[in-house]
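Below is one structure, written out as structure tokens; comments come after it.
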Amino acid sequence: MATDLEDIVEHMRRFAWPDYLVFVSMLMLCILIGVYFGFVQRKPNTESEYLMGGRTMMVFPIALSLIASFISGITLLGLPTEVYSFGIQYVYVALGVTLMGFVMGFIYLPVFHKLNITSTYEYLETRFDRRLRMFGSIMFTIMNIGYLPIVIYVPALAFNQVTGVNIHVITPIVCIVCVFYTCVGGLKAVVWTDVVQTFSMFGALVLVAVKGTIDLGGSDVVFRSAWNTGRLERPNFDINPTTRHTFWSQLIGGFVYWLQTNAVSQNMIQRYLSLPSVAAGRRALWIFVFGVCLLMSLCSYCGLLIYATYQNCDPLTTKLARAKDQLLPLFVMDILRDLPGLPGLFVAGVFSAALSSLSTCLNSMSAVILEDFVKPFVHKPLSQRTVNWIMRSVVVGVGALCAALVFVVEKMGTVLQLTMSLEAITNGPLLGTFTIGILIPWVESRSALTGGIFGVIFMSWLSLKAQYWVATGTIVFPHKPMSVDGCTYEFDRSLANATSTSVYTTDDIFPLFRVSYMWYTFLGAAVTILVSLLCSVLIFGRQDPKTVSPDLMAGFVRRYIHGPDVPSVQGNARVVVLTPNAYGKNGKSSHESAL
């Protein structure tokens, strides 16, 4: 007997008191960790302790914090839907992630660790000038303020799917908890809550994968249905850049994207710099690479599992799942609703991903605001009390702003897509600017700044225009086969045949706007570097590479420019180079003199 769609939705909302208990327990544990590091543990209340954990953190907790910081609720909920709809082509990005590990570990990480900096963008002032530092800091701030409301909003959608609780009830509560433990406990509280949240994420995904597989009768059923519909597929070696996912876009585009987010972003570098040595940073990096690849594999398997379960009645077509990010929560309530406490464990895992990303960004924002927007513009050293007040005020202020912006994300549908495109606008130019500094010493500050600004303008034009065509339904990406022939409930059948109302077709769009989003960071970095090089050759002239401090270059570039015996800052000594022309006419550096 057919059942109404609304009845099915209400039937699945069985979030009982054990589920609420598990969810609240996770939040309380985060608060207790913050209280411990803020009030119980007796450590000096200094800037280094608050932002960098005293630079004495342990490898394994930092590695888990890196995983938790990077994997947000968007990944946990979005990747299963990606695999469900388009197959496993995206998963080959693991090759790009692995390549990133080698390049970051041997080129970028040693440079930053040697300088003993707090804000990544201090490097840009040391290598170029203050204008580049402000450029990097502003781009980082814009990206985070645009990204964080989405981080909160997406898991709130999941919570709404399983409980019916309005998202504006749960988001302020979660934000208050996150702001509290980040504010009072600093980096150590953030890292150790990330450790708890990482185990929560992995536990939630393993729980769903095991229970779903048992219900279906084994993993062979999952893989057989995925193979028969083309979801389980070999790498696509098509060289066409407009193809959404190919082996090349995942390897090269994925490598560049992950390099930016992991190698030069304040959110991640701040954790690597809290470790006592480069060797410790590399160990944390490879644990991060392995953990992220494992987590993506779990998410992808869950996507195949969801398809095997709903292959005859697609819940996205019938609107049983009203938003794509609600597909996994729908599946969880379907298979776990008769097991009290387990849906709560899953939701706790999803919110753990959100909390870890939010707390990381809040802690990093306090570092950037203090180091890049306050300290350079005050003439007298700040007292420790003033520094503490500024750092904590930033955490509270940015947390409140992000909670408020959830209203904007919800009310204006296209804003969600446009805000997500901010990452593409800022990521590529930032990576290009840092890469110029580390690898191309003959480019001076004016050329680098011109390249960075041109890169932001170009990516704004490309990204926002492409998002517009996607939002209007003109650019459409074909899904893998889906069916509603086996549905046992009533739904609006016209939804299954809905098509775009745009007067244009995908082929009418300028090819550049149809380039896969996986190439965006690569394009932004390439344009920035190319324009900077052209400016160096045609307008501003080349900088003498020997006037650049050797500690600001990658090791192999330093050896090529200055020879194998050039002295280098070791350990935790801070480089004292404050201008791009640290080397005088006699070839002796100011920081060599200081040492």
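Keep in mind that glycine also has a Cβ here, set from the backbone N, Cα and C atoms.
Where the annotation comes from TrEMBL, it is an automatic prediction and has not been curated.
The transmembrane segment annotation in TrEMBL falls on one of the ranges 195-212, 447-464, namely 447-464. When each of 59-79, 91-111, 132-159, 285-310, 389-409 is scored by its Cβ pairs under 8 Å to the transmembrane segment (165-184), the top-ranked stretch turns out to be 389-409.
The transmembrane segment (91-111) is in contact with the transmembrane segment (285-310), judged by 3+ CB-CB distances under 8 Å for residue pairs 6 or more apart in sequence. Outside the transmembrane segment (132-159) by six or more residues, the chain places 72-74, 77-78, 119-122, 124-125, 165, 167, 170-171, 174-175, 265-267, 323, 325-326, 328-329, 347, 350-351, 353-354, 357-358, 361, 364-365, 368-369, 372-373, 376, 398, 401-403, 405-406, 408-410, 416, 419-420, 422-423, 425-427, 429-430, 433-434, 445, 448-449, 452-453, 456 with a CB less than 8 A from a CB of the stretch. The list of residues near the transmembrane segment (285-310) in space but at least 6 beyond its ends in sequence, with Cβ under 8 angstroms from a Cβ of it, reads 59-60, 63-64, 66-67, 70-71, 75-76, 79-84, 88, 90-91, 93-94, 97-98, 100-101, 104-105, 109, 198, 201-202, 205-206, 208-209, 212-213, 215-216, 221-223, 225-226, 229, 231-232, 262, 272, 327-328, 331, 334-335.
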